[in-house]
Amino acid sequence: MSLVTVPFYQKRHRHFDQSYRNIQTRYLLDEYASKKRASTQASSQKSLSQRSSSQRASSQTSLGGTICRVCAKRVSTQEDEEQENRSRYQSLVAAYGEAKRQRFLSELAHLEEDVHLARSQARDKLDKYAIQQMMEDKLAWERHTFEERISRAPEILVRLRSHTVWERMSVKLCFTVQGFPTPVVQWYKDGSLICQAAEPGKYRIESNYGVHTLEINRADFDDTATYSAVATNAHGQVSTNAAVVVRRFRGDEEPFRSVGLPIGLPLSSMIPYTHFDVQFLEKFGVTFRREGETVTLKCTMLVTPDLKRVQPRAEWYRDDVLLKESKWTKMFFGEGQASLSFSHLHKDDEGLYTLRIVSRGGVSDHSAFLFVRDADPLVTGAPGAPMDLQCHDANRDYVIVTWKPPNTTTESPVMGYFVDRCEVGTNNWVQCNDAPVKICKYPVTGLFEGRSYIFRVRAVNSAGISRPSRVSDAVAALDPLDLRRLQAVHLEGEKEIAIYQDDLEGDAQVPGPPTGVHASEISRNYVVLSWEPPTPRGKDPLMYFIEKSVVGSGSWQRVNAQTAVRSPRYAVFDLMEGKSYVFRVLSANRHGLSEPSEITSPIQAQDVTVVPSAPGRVLASRNTKTSVVVQWDRPKHEEDLLGYYVDCCVAGTNLWEPCNHKPIGYNRFVVHGLTTGEQYIFRVKAVNAVGMSENSQESDVIKVQAALTVPSHPYGITLLNCDGHSMTLGWKVPKFSGGSPILGYYLDKREVHHKNWHEVNSSPSKPTILTVDGLTEGSLYEFKIAAVNLAGIGEPSDPSEHFKCEAWTMPEPGPAYDLTFCEVRDTSLVMLWKAPVYSGSSPVSGYFVDFREEDAGEWITVNQTTTASRYLKVSDLQQGKTYVFRVRAVNANGVGKPSDTSEPVLVEARPGTKEISAGVDEQGNIYLGFDCQEMTDASQFTWCKSYEEISDDERFKIETVGDHSKLYLKNPDKEDLGTYSVSVSDTDGVSSSFVLDPEELERLMALSNEIKNPTIPLKSELAYEIFDKGRVRFWLQAEHLSPDASYRFIINDREVSDSEIHRIKCDKATGIIEMVMDRFSIENEGTYTVQIHDGKAKSQSSLVLIGDAFKTVLEEAEFQRKEFLRKQGPHFAEYLHWDVTEECEVRLVCKVANTKKETVFKWLKDDVLYETETLPNLERGICELLIPKLSKKDHGEYKATLKDDRGQDVSILEIAGKVYDDMILAMSRVCGKSASPLKVLCTPEGIRLQCFMKYFTDEMKVNWCHKDAKISSSEHMRIGGSEEMAWLQICEPTEKDKGKYTFEIFDGKDNHQRSLDLSGQAFDEAFAEFQQFKAAAFAEKNRGRLIGGLPDVVTIMEGKTLNLTCTVFGNPDPEVIWFKNDQDIQLSEHFSVKVEQAKYVSMTIKGVTSEDSGKYSINIKNKYGGEKIDVTVSVYKHGEKIPDMAPPQQAKPKLIPASASAAGQ
């Protein structure tokens, strides 16, 4: 997705939060207060000084008046005044003392009150603090429990969004993350952690309630990067990233201001060609990226002259095609750098990128390849996305889309492609083809005229569908002939008008037939027909109909009968393979249909273009340390070739990887990104629209190394000695040997001011030191040197300094030479040099080493005392800085001439630096090893001890195979201790060292001794194993035993051999040695040992069985023996155990074995036979006993017995104590999982909450909670249950009983909860229903009713007296009415009714006659209702037989509802 560009005119707005304003306010107030205090102090000091000066003046004046003796009267007057003042002063002092005492007492009282108040407040604070601490401890525990429950890994809710901004604007990246504990967020820029302290004010990072923000202030071009945010907590890590592209505003909207003119003039859009000198300082290299990532190709350069108004032109090319800015690419040029940024890479962007700086002075360019790999597929094994979508032949409703296929190496081949279209301005993608199209071309029809579309393609293989390709450029569905029919008519003067050709043709009614019908595209899936519109065509819109006919059939079939075609193009699908067709086209408008066009020639649906043949011979050649040049012969059949794909494989692995991800059109390709020193093979395949060719033949194996060239020039030519007639010169070897060993050097000389050079040596000189003879004393000479290798003679060095030929006679030594460096690390390096050729008047006794930073002036001496060695390790250097060094030799006469300054050395460890490793090989030889994958054919390993090359063949042996070298120590001892180093020539300073100290040597020698004197490794030591029948097996297992291995068993220092008592055997294939004892008894206590010999190797293992260890083995053996005897008859394979079924029944289960028909199985409880409904089926081997609704009555000892003539066995399980508790918990688990939701049942007593379960007992651990507070059973809230449910009865509920109720049942591990919110409408409805039930119960309790006394049938003889008596109840007393046959009974002597104490009621019928037979009813009713009871009376005559009737029963009452007024009450 492209980045959203922020408009350049958007202004920056800085926001200040509340805390910032508070800080500013506090600062101003503090500053104001300090100034106020200073001014107050100054004014008080000033007034104080004025007051003191005035007092001094007044005292002096007063003193002067007293001393004056002019007037005696004045003196006496003053004495009186003085006396009066003294008495007034004493009274004032007394008053002031009293006032002061009163004030002191008042202040003391206030102080006592303050102390008392302070003590009270302190006591309150201490109490509050104690309570607060208690609450904090409780909350901390609850918080810990809560935090554990809500802990989760980070999850990003809103991801980062990419931005494109102008330079010097601010950009803010935001995202939202949640998680607990709160995730820690770190920001990264291109994988590097962002540090705010490194660039103060540059970055601002904020975090508020899960929203994290990174603000980049005043963004510049270097801030273009991929920014990532990583959120981490204890449960995981998650990240998100976005791209920030910083564009440079070029000032197109703002005119350039002239310095000399008062007005602004716009800069000319034409850049005048001016001569510029362009020098690249930093260049972009070969780049590897993946689809979807961002990248910026950038070059920094020095442009001379640097003119602000006039600049050279920067042009970017991809595969020699000029690029322009688009939504995918952004370009920038200015301020000494040119860049090309990609906001979202696709494989379309892969290619060779070239930056060309064009000016009058010429073209300066730089090229490098950008590789774009496939993004991870949506489905594993799916192919990569197609690329390079192009739209061709766009018309009113038709366009052809073409693309290039993806490369497949490890994926299965591509079977076809799906083409999708999307109307511009929408985001609705529509698949154009139902079945995958086989070739990389598809005609899309059904477009709407005038609308614009974009397209994308997806590849399909057997694994799935690829990611979609990059969308194509928008294409409009328009007729390209419309502009062709537009003509210009010239009028008088320079005027002209534009008219359509249709206006010149006049009014045409029915159009003519189309012309030029032909097949423009033929493939196996479709045929594209093209034609020319009829002439004249008329002004009305034209439509076309296409007809087809099989050759020879004579019948025509209209292809587009339903939808007319508006474009002179049409793709015909569904043609039968192998048959030829002819076509014709008819044009139509609103006036009618034209005649058919001419018939085309026969056309057959087939692939005109075939798959290309495989490319020819593939040749790989060396290029650089990480690249190889691959060339191949073009295929014989290269019709419509799209390009080639190159694959590579590490030799011997058969794991092929693509080298390029977009077809290349030339038959030579440089493969980058290879591993130095690795061996590869290559293959090539050709690609066209139909598919890919077969793979070419594989290339020969090639090792990745730099190409063989001539060596670079030597350098550092130094004069080492001169005797007046000859000079001894030294120099340094070339930095690059060219890939082959240097064979020697050629030296040329000339006198200063001479033009011609003269050859010094006709044959190459091998050493890097040479004496030049035949020189003239006092003359000045200069020299140059060239190196030679197998490729030829390299470039000569620059001429040396001017050396004067005069004899050296100074007593001090000459300069050291050939300064080299190795083991360059982050803070240290090792420096080596060679001794001076000229030693002076006495031998060289030591050396001083000086260093300095490259641009510093003063030299710093490393060693304060001279070193006698010609090497020195320089430490404590600063990483990343560049230093230069020199060496000064010292003899008895002083310090000699310093050596030439070394080349600058960057103190930094090389990436991938390897060190020497110490080890022991399979033969026990100690060695030091070193690997170097960067070596070339000319590279050599040089091993040194104390930095002196090793040449002692008696103590050392060097073996080098490929890029691996080993230094063997033949007879290691203390003389071999020291520092060993290795260096590899013709590399970028690859070297390492290793200090062999006594501890390391001892370790290596111990390992060597173990290999030379081996022991047999054991997989397992001697152990025992007890079998059935009580047999004991002693065994061990060795890693490996040869057929010649021997062994022996020793028991208590006595060897035992294979016998009936001790059966010993050995399986040498598996290494197992064992001894089996059939009878293990008390006599077998002791120590068991096995000794093994196999060639030189030997091993021993012992097992001590004494004391408790022996008793354990003996008891186990006896137990196994008894078990064996038990299993000879019927026995339990699994003893009695229990589980709980889904129906909450306890099931006792045991497994039996070795039974027969006569075997008797019994269940016993407390030694009493336990009867079961069904007998167990012993053939199944499983016996079960179900105990439904377990309770304490089921406590007891349960036994299962087996018995027949072979023996018997018993299994016992006691249900009590912990076993019973565990059963209850298991039942709780089943019931808790199946418990129903809480239900509300209203009763006259209150509201009842019920939870139905499969089984419930009071012994289950259940809790009822109200608002998360546990409820205890009370009169107000009663807790109980039945076998089917648990309930909570809320008696007489009130408003306080509202809230959430929870029922919990604990199963020993988990709490199973059911909750109900009894508040709001739910509580109101339940409370109303409770009131109704309560009123109904009250009415039911107090209504009129019959307590007893009346039968339902009465039989009596005529003439007798019938007395019907009953007892009634009601509150208030009920009204009693008697009826006969539903009619009121008229009281008389015959019928009499009696009521006693308002509850005993009787009716008497005297002299019963047959007319008294019938139904008698009694109504008992008060205001709460009542009952009606019917009694049937049957009268028979005297002498008649008593009728047969059912025995009388209690009469059944019928309810009588209460009156309306009573119901309302």
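Cβ coordinates are placed from backbone N, Cα and C, and glycine is handled just like the others.
Annotated in Swiss-Prot:
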COMPBIAS  41-61  compositional bias 'Low complexity'
DOMAIN    154-245  domain 'Ig-like C2-type 1'
DOMAIN    266-371  domain 'Ig-like C2-type 2'
DOMAIN    385-480  domain 'Fibronectin type-III 1'
DOMAIN    513-608  domain 'Fibronectin type-III 2'
DOMAIN    614-707  domain 'Fibronectin type-III 3'
DOMAIN    710-812  domain 'Fibronectin type-III 4'
DOMAIN    815-912  domain 'Fibronectin type-III 5'
DOMAIN    904-1002  domain 'Ig-like C2-type 3'
DOMAIN    1130-1211  domain 'Ig-like C2-type 4'
DOMAIN    1345-1434  domain 'Ig-like C2-type 5'
REGION    38-61  region 'Disordered'
REGION    1442-1465  region 'Disordered'
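When the domain 'Ig-like C2-type 2' (266-371) is classified with DSSP, helix, strand and coil residues number 3 helix, 59 strand, 44 coil. Contact between the domain 'Fibronectin type-III 3' (614-707) and the domain 'Ig-like C2-type 1' (154-245) is absent: fewer than three CB pairs lie under 8 Å, with pairs separated by 6 or more positions in sequence.
Sorting the domain 'Ig-like C2-type 3' (904-1002) by DSSP state (H, G, I as helix; E, B as strand; all else coil) yields 8 helix, 44 strand, 47 coil. Taken residue by residue, the domain 'Ig-like C2-type 5' (1345-1434) breaks down under DSSP into 3 helix, 57 strand, 30 coil.
Counting Cβ pairs closer than 8 Å to the domain 'Fibronectin type-III 2' (513-608), the top stretch among 154-245, 266-371, 385-480 is 385-480. Summed and averaged per residue, pLDDT over the domain 'Ig-like C2-type 5' (1345-1434) gives 85. As a summary of secondary structure, the domain 'Ig-like C2-type 1' (154-245) carries 3 helix, 58 strand, 31 coil according to DSSP.
Counting Cβ pairs under 8 Å that are 6 or more residues apart, the domain 'Fibronectin type-III 1' (385-480) and the domain 'Ig-like C2-type 2' (266-371) reach 3 or more and are in contact.
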